[in-house]
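Let me begin by presenting the structure, written as structure tokens, before commenting on it.
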Amino acid sequence: MATCWQGLWAYRFYLIVFFLPIFLLPLPILVPTKEAYCAYTIILMALFWCTEALPLAVTAFLPIIMFPMMGIMTASTVSLEYLKDTNILFIGGMMVALAVENWNLHKRIALCVLLIIGVRPALLILGFMLVTAFLSMWISNTATTAMMVPIAHAVLEQLHKMPTDRDVEEGRNNPAFELQEQKEETKLDEKDNKQDRPAPPTPSESKTQQNKEQLRFSQGLSLCVCYSASIGGIATLTGTTPNLVLQGQVNSIFPQNGNVVNFASWFGFAFPAMIILLLLSWVWLQILFLGFDFRKNFGLGDQSRDQERAAFEVIQRQHKLLGPMNFAEKAVTFLFVLLVVLWFTREPGFFTGWGNLAFSDENGKSMTSDGTVAILIAVIMFIMPSKIPGLTQKPGNPGKLKAPPALLTWDIVKKKMPWNIVILLGGGFALAKGSEESGLSKWLGDKLTPLESVPPAAVVFIICLLIAIFTECTSNVATTTLFLPILASMSQAICIHPLYVMLPCTLASSLAFMLPVATPPNAIAFSFGGLRVTDMARAGFMLNVIGVLVITLAINSWSIPMFDLHNFPSWAQSNTTGLCGVSQANVTTSSP
């Protein structure tokens with residue numbers, strides 16, 4: 001019997017892929033409508049994504065098979081959804097990020113910031129969180145975590161070096177990083193208190209306490225890196241894939257939206273939320289792993305600086321190994337800054353951007369997109385040499401000259417570009433288009449009309465909680481891909497601004513803090529040891545709660561004037577969902 005169950009478990013993915021489509025067949029057979037056919041495809045893909053019985057990207061290809069065979073859309077129409085402008089923005093932004101990684105510019109930035117902030121316990125955690133969050137805004141969360149965790153553990157090795165023999169003999173721990181050290185008792189009269197005074201700790205007790213403190217600090221530092229990578233990614237449109245899913249879904253479902261979600265508008269909304277969430281996370285992790293003795297956490301008072309100096313020297317040594325900035329690093333830095341400036345100033349909305357001035361259509365709208373800018377900078381990186389132009393001797397053949405390689409080569413792109421995410425994005429856009437063409441969106445909207453009596457702020461809070469729970473077990477890209485079209489239909493049905501529910505859903509999908517399998521940064525931090533699932537769940541649960549409250553605050557405060565969330569926009573009007581008053585103010589400014 002045991003062998004039978006082991007065999008079933010070993011072949012579970014094959015069994016899921018074979019039996020799940022058969023198990024769901026009653027839906028399209030008993031309800032032979034396009035809406036039911038589309039629902040069958042969506043449910044099947046959702047379960048495949050949740051169980052990962054097939055690779056995520058392979059599952060994303062199913063609309064190309066299912067929709068034409070079910071008469072929902074033609075194959076050519078479905079295929080067009082797989083390479084839209086949002087995919088191009090992802091590819092261009094990722095190419096620039098790969099160039100930054102290739103020339104170690106991200107590592108130089110990280111070490112410089114850590115040298116400035118210092119290595120005192122609370123400040124060290126803050127420094128790692130700030131650096132990781134900033135880098136995660138521009139390069140992938142996984143790459144940022146993979147770089148920062150080894151640096152953190154190299155510093156920890158110096159902080160947790162064994163105390164001297166003299167310290168052991170005297171029963172002392174390392175005072176610089178005793179995070180929960182009790183205050184010395186006031187000296188009383190020896191004669192009156194000789195019998196009541198507690199005995200000094202033995203060396204073994206002192207060592208055990210020190211090991212516990214060191215373990216807590218190590219756990220806190222590891223978690224601060226992976227959590228800040230997820231938090232930092234929400235700040236920019238290209239920081240994490242769910243943000244791009246939102247932009248693509250909005251442009252697909254509401255083609256007349258006037259580019260309401262662009263790099264500048266997203267940054268204005270998400271960056272303050274990221275800063276608030278990052279600082280609150282720092283406070284929570286400091287309390288959880290360092291304790292309430294803030295004076296000691298910040299290194300105030302008479303404490304030994306030996307370990308601090310040793311850890312600081314580790315960072316200095318790593319920084320010196322990088323050497324001075326070479327031509328390639330300077331060129332990549334210039335192009336990276338230029339990219340960000342062009343993104344912000346293309347079509348910011350509150351002033352006329354260069355896209356409106358130089359490349360506008362007959363309506364004054366920019367014909368270029370954020371993807372255009374990203375690809376432009378990436379192409380320049382393929383053209384620009386990595387050394388000051390000139391000829392160099394070819395290694396191994398002194399008589400032959402060769403030109404230096406470019407800042408970015410296709411070999412690097414082939415090796416490191418996550419093409420599966422491009423396909424996954426396209427599959428999500430195909431699902432959204434299929435829902436609209438089949439009438440499933442209208443059907444869902446009609447069923448969700450009772451929510452009109454619920455306060456919008458309460459709806460948003462419930463959505464955030466639901467998404468935060470769901471994303472712990474499912475890819476954040478799959479989560480937003482499945483939920484955003486449903487929320488768009490709901491918003492049209494109950495006549496509230498679509499972004500009022502779609503923006504919180506997107507941010508909440510990045511609140512994957514509780515489980516190692518929830519997101520790659522968590523898995524990387526967990527793989528370095530010292531962490532248990534219960535440690536991550538305990539820390540992550542409170543961060544999920546804090547994250548939901550911060551998102552609810554953001555969507556009910558500064559985002560309202562930014563996106564005019566009080567009014568139902570004209571571009572969200574749909575003949576299939578009924579008419580809503582354009583000036584209807586359904587959104588209130590209630591805060592969490």
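Every residue, even glycine, has its Cβ placed from backbone N, Cα and C.
Quick look at what TrEMBL lists:
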type     : residues : note
COMPBIAS : 180-197  : compositional bias 'Basic and acidic residues'
REGION   : 165-212  : region 'Disordered'
TRANSMEM : 12-31    : transmembrane segment
TRANSMEM : 43-66    : transmembrane segment
TRANSMEM : 86-103   : transmembrane segment
TRANSMEM : 110-131  : transmembrane segment
TRANSMEM : 137-156  : transmembrane segment
TRANSMEM : 266-290  : transmembrane segment
TRANSMEM : 327-346  : transmembrane segment
TRANSMEM : 366-384  : transmembrane segment
TRANSMEM : 454-470  : transmembrane segment
TRANSMEM : 482-501  : transmembrane segment
TRANSMEM : 507-529  : transmembrane segment
TRANSMEM : 541-560  : transmembrane segment
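Same-chain residues lying 6 or more positions outside the transmembrane segment (43-66) and placing a CB less than 8 Å from one of its CB atoms are 12-13, 16-17, 20-21, 24, 27, 37, 72, 75, 78-79, 81-82, 419-421, 423-424, 426-428, 430-431, 434, 473-475, 477-478, 482. Long-range contacts of the transmembrane segment (86-103) within the same chain, counting only residues at least 6 positions beyond its ends with a Cβ under 8 Å from a Cβ of the stretch, are 138-140, 143, 237-238, 241, 244-245, 247-248, 251, 326, 328-329, 332, 335-336, 339, 369-378, 381, 386, 407-408, 412-413, 416-418, 421-422, 425-426, 429.
Listed as Cβ neighbours of the transmembrane segment (12-31) (distance under 8 Å, sequence separation of 6 or more from its ends, same chain) are residues 37, 39-40, 43-44, 47-48, 51-54, 70. The stretches the transmembrane segment (137-156) and the transmembrane segment (541-560) do not meet in space: the count of Cβ pairs below 8 angstroms, excluding pairs fewer than 6 apart in sequence, stays at fewer than three. A contact between the transmembrane segment (454-470) and the transmembrane segment (327-346) is absent, since fewer than 3 of their C-beta pairs, 6 or more residues apart, lie under 8 Å. The stretch from 110-131, 327-346, 507-529 with the most CB pairs below 8 A to the transmembrane segment (541-560) is 507-529. Remote same-chain partners of the transmembrane segment (327-346), defined as residues 6 or more beyond its termini with a Cβ less than 8 Å from a stretch Cβ, comprise 96, 99-100, 103-105, 108, 138, 262-264, 267, 353-355, 366, 368-370, 373-374, 377, 380-381, 384, 386-388, 407. Listed as Cβ neighbours of the transmembrane segment (482-501) (distance under 8 Å, sequence separation of 6 or more from its ends, same chain) are residues 42, 46, 49, 245-246, 249-250, 253-254, 260-261, 431-432, 435-436, 441-442, 444-446, 448-449, 451-452, 456, 459-460, 463, 467, 470, 509, 555, 559, 563-569, 572, 574, 577-578, 580-581, 584, 586-587.
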